[in-house]
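Copied over from TrEMBL:
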- Asp72: active site, charge relay system (ACT_SITE)
- His141: active site, charge relay system (ACT_SITE)
- Ser455: active site, charge relay system (ACT_SITE)
- 1-33: domain 'Inhibitor I9' (DOMAIN)
- 63-492: domain 'Peptidase S8/S53' (DOMAIN)
- 563-656: domain 'Subtilisin-like protease fibronectin type-III' (DOMAIN)
Amino acid sequence: GFSGFAAMLTPEQAKQLAEVPEVISVEKNKIHTTATTRSWDFLGLNYQMTGTSSGLLKGSNYGEDVIIGVVDTGIWPESRSFSDEGYGPIPSRWKGKCQLGPDWGSNNCTRKIIGARFYTAGVLDKHLKADTLSPRDRNGHGTHCASTAAGSIVEAASFNGLAEGVARGGAPRARIAVYKSGWGSGSFSTASVLAAIDDAIHDGVDVLSLSIGGRGQVAFGALHAVQKGITVVYAAGNDGPRPQTVGNISPWVITVAASKVDRSFPTVITLGNKQQIVGQSLYYQAKNSSGSSFAGLLVGQGCTADTLNGTDVRGIILFCLPLPDDARTPVSTFEYASQYVRNGGGSGLIFAQYTTDLLTVTASVACQGIACVLVDLDTGEKIIKYVGAASSPVAKIEPAHTVTGKEIPEAKVASFSSRGPSRDYADIIKPDIAAPGANILAAVGDSYVMYSGTSMAAPHVAGIVALLKAEHPDWSPAAIKSAIMTTARVTDKRGMPILAEGLPRKTADPFDYGSGNINPTGAADPGLVYDIDPRDYNKFFGCTIVRRTNVSCDATMLPAYHLNLPSIAVSELRRPVTVWRTVTNVGEADSVYHAEVQSPAGVMMEVEPTVLVFNTTDRVHSFKVKLAPMWRLQGDYTFGSITWRKDQKTVRIPVAARMTIQDFYADVA
């Protein structure tokens, strides 16, 4: 992929090496971290259906023989999700290898898992000692991601009876190449990830899926992959809902936010006065369980070490209501309270919280053997009133059950999903797209477990990319990215706007979900695409070659909004700006598209021309977008869009603009 190497050097050696004229840069190794049954049906990719909903699956033959490279914590080859039954020979173009280890033999590589490698460079010894030196996944994260992207079809998968259905990947007939770069609890090093990307380029993967966080050096390894025709998909990160936390923000990759699907796990709580309250949990009972029964109910204000202070919880249900001035995160409070109840012999935990996405923690180790249920603050107040009126308050918690479909709100952006704008490249909207990433059921070891994170969202997109690659093998990575972004949904099936969980919940904008929630069927037939010659990226992100160790290889040479991206962001709008975009017709040859312009608030936006006419000879057209501030203002971002419409087909890109007066103006007052 590129000319470079990783080595253990002293600071003095690194300094000397940086002074060699032929050396562009010397950079210190960094450590990175890891960033279902219902989700594919929700996205319209039901392999059992006939008709238009399954068109992409059938048109791509379920992604057959597309090779997805998964850079992660390895894979568990014995999982049913990686069965190679019915697969033909490994594609002859494959150049990869099966690297052996103490718990990985040559038979662990199959016609499904066609390659497996592992990388240890730059990884701390403590993480290596907690793992095995092989491609085998002792963490579970890599197996979960690989099965989400390309898992074979597995009937009757569930998490202890919850979320039961058919588990499968987005491209269930795709091949998987494993590049284990994460170790122990999920620690990656820059050196190991770059080495994995380099080998993946050589081996012949079609798609790379990386569910890791970070910024900087790794992105330029991905650039070399894109320039070789490989689509690279990254997770956006799990630091939301705080703004400017999005990672993996290079314009040549697809950066994926996490959204929710139309599924919930209602859990009935019966109070002693027979009032029933419905919470959410992943609580289940063992098959030989005698069922639910009433237990004493105790209120723990705040549920901190100070407020509980040795409180006896043996045999009772603890109800936690957060204190108004509690600055801790709900996750840390929940984990402490559940561990307290479990260690103290308690029966269960009811945890009141503002709206967020903590459901998977109710199935954590701390909740094993007890019932952990989440309720909202309004419901919590009802419990408080009951406890205050009862002489001996009691409650009973029933096991959760699964509800899917029309009665469940659709496609909210998950609260943990990292948000834009990008701190590094403000003239690029990131993330690019949202995909299911909350409470996703997929393979872990020999079973199926629910995980949440943008780590789960990225392989959803990788699987869809594999389908698009199979159906449109001549499309470039930029064309595939464009098809995904311009067909995304910003409303649900009822026409209601997609929301973003946060503090508070709000209508989502491009810094929450990019172009919107992914629409695989639409992406297969986008009409127009915004294509990019990958060499064009070099004009915008060149290396500044200087003889020092902190050499900059990501300095923006020109405003990034001049890249032909399927989005427009102008972060410093002080005077009129003209931006050009070029679209290529990949749909019906004789087509006429009309522009629909929604200007960002406070910005005058015009498109010229407003009509694009395509035929067999004119497949490519350019148009210009003029943006002008309406006032002299040190403002904030506002959002709009440009849509090209032909009958019912729409090709939409988001627009973000910020009016400014001064440079380096801190908007913190």
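Don't overthink the numbers, they just go from 1 along the chain as shown.
Keep in mind that glycine also has a Cβ here, set from the backbone N, Cα and C atoms.
Just so you know, TrEMBL annotations never went through curation; they're auto-generated.
Here the CA atom of Ser455 (active site, charge relay system) lies 10 Å from the CA atom of Asp72 (active site, charge relay system). Of all the active-site residues listed here (Asp72, His141, Ser455), the one with the fewest other CB atoms within 10 A of its own CB is His141. When pLDDT is averaged over the domain 'Subtilisin-like protease fibronectin type-III' (563-656), the result is 96.
The separation of Ser455 (active site, charge relay system) from His141 (active site, charge relay system), Cα to Cα, is 8 Å. With helix defined as DSSP H, G or I and strand as E or B, the domain 'Subtilisin-like protease fibronectin type-III' (563-656) counts 0 helix, 61 strand, 33 coil. Mapped onto DSSP classes, the domain 'Inhibitor I9' (1-33) shows 8 helix, 3 strand, 22 coil.
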